[in-house]
Amino acid sequence: MKEDRVVFIFGPTAVGKSNILFHFPKNKAEIINVDSIQVYKEFNIASSKPSKNLMKHIKHHLVDFLDPEKDYTIGIFYEQALKIVKEIRQKKKIPIFVGGTAFYFKHLKDGFPSTPLVTSKIRIYVNNLLELKGKSYLLKELKNVDPIRFNMLNKNDIYRIKRSLEVYYQTGIPISQFQKKQNSEFKNIVIIGLKRSFEDLKTRISIRINEMLNSGLLSEIKGLFSKGYNENTPAFKGIGYNEFLLWKSRPCYGLNDIIGLINKNSFLYAKRQMTFFAKISDVLWLHPEDDLDNILNLIFKVDKEI
């Protein structure tokens with residue numbers, strides 16, 4: 001058995017990733033979800049979590065397990081994913097990574113940077129610095145402790161600014177001095193990219209948003225607000241949720257404005273996803289419907305070689 005053999009299936013939002021899985025035989029594979037918002041509990045509709053029927057058909061991992069107030073990082077995902085792959089292999093099944101978070105796929109394929117994990121105490125400390133002293137202070141501090149990293153970063157990339165300082169405060173070593181990446185844990189990967197025309201994606205995104213509204217998205221949003229979730233809640237960074245923060249804070253934004261904004265942001269996100277995915281090598285690009293038989297044959301080929 002080739003323990004490091006895995007399958008990647010990725011593509012932009014609304015391309016039709018989940019539909020393919022219904023065609024996969026039961027008990028042949030398990031899915032490792034690659035989505036930074038679907039991990040959160042309670043944030044169900046706009047995140048387009050896999051349906052109960054799909055999760056009954058094929059077991060899914062890393063879906064609907066995390067408190068919405070907690071951060072979810074690439075480091076946490078990577079560590080969890082490696083553990084789950086081993087568990088799936090022990091069951092003689094195929095581990096299939098499915099999702100749209102391109103950054104996660106990149107590190108699964110190329111290897112994860114060997115920077116250390118950071119304690120919650122350090123994260124809270126850096127967040128407090130940001131809240132009390134502002135981004136300009138963090139930039140000044142980063143320039144002092146790690147000028148190499150400072151010159152590399154987009155000065156509006158607050159996530160990486162915070163991450164750089166967290167690593168320094170945790171270890172006393174600039175993040176720029178750590179090895180940039182290690183070798184991938186996976187040596188044999190079948191990579192399937194799903195594609196559609198942008199016009200087709202645009203139509204499907206619009207249909208999906210209407211389906212979300214019909215499924216009770218507004219009630220879900222109101223329920224989340226009533227529980228105290230707000231702009232500081234990590235789960236609210238997702239498209240389809242973040243836009244409703246405007247609805248709450250600025251009465252001039254009507255529901256139609258918010259829906260239009262979700263449509264716009266979703267399509268722009270799909271374009272960014274495709275741009276990022278295009279940088280990943282060794283991808284076989286296929287249409288989720290026209291090439292369905294080819295997709296299933298590729299996966300069954302892996303099955304036969306195990």
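Easy rule for this one: first residue shown is 1, then count along the chain.
Each Cβ is built from the backbone N, Cα and C atoms, and glycine gets one as well.
What Swiss-Prot lists as ATP binding site is G11, P12, T13, A14, V15, G16, K17, S18. Cβ contacts within 10 Å of K17 (ATP binding site), excluding its own Cβ and spanning all protein chains shown: 23.
Positions annotated as substrate binding site by Swiss-Prot: T13, A14, V15, G16, K17, S18. Within the same chain, the residues at least 6 positions away from G16 (ATP binding site) whose Cβ sits under 8 Å from its Cβ are L194, R196, R204, P288, E289, listed in sequence order. Annotation note: G16 (ATP binding site) sits in a coil segment as assigned by DSSP.
The region 'Interaction with substrate tRNA' annotation in Swiss-Prot covers 35-38 and rests on sequence analysis. Using a Cβ-Cβ cut-off under 8 Å and counting only residues 6 or more beyond its ends in the same chain, the region 'Interaction with substrate tRNA' (35-38) has close neighbours at 47-50, 62-64, 72, 77, 99-101, 104, 235, 237-238, 241.
Over all protein chains present, the Cβ of T101 (site 'Interaction with substrate tRNA') has 19 other Cβ atoms lying within 10 Å. Taken from Swiss-Prot, the feature site 'Interaction with substrate tRNA' applies to T101 (among others).
Long-range C-beta contacts of R123 (site 'Interaction with substrate tRNA'), restricted to its own chain and to partners at least six residues apart, with a cutoff below 8 Å, comprise D71, K162, E166. Here Swiss-Prot flags R123 (among others) as site 'Interaction with substrate tRNA'.
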What are the non-local neighbours of G11 (ATP binding site), defined as same-chain residues 6+ apart in sequence with CB under 8 A from its CB?
K17, G100, G193, L194, K195, Q273, F277, P288
Which are the residues of the chain, G11, P12, T13, A14, V15, G16, K17, S18 excluded, whose CB is within 8 A of where the CB atoms of the ATP site average out, their centroid?
G100, L194, R204, P288
Between V15 (ATP binding site) and T101 (site 'Interaction with substrate tRNA'): CA-CA distance (Å):
13
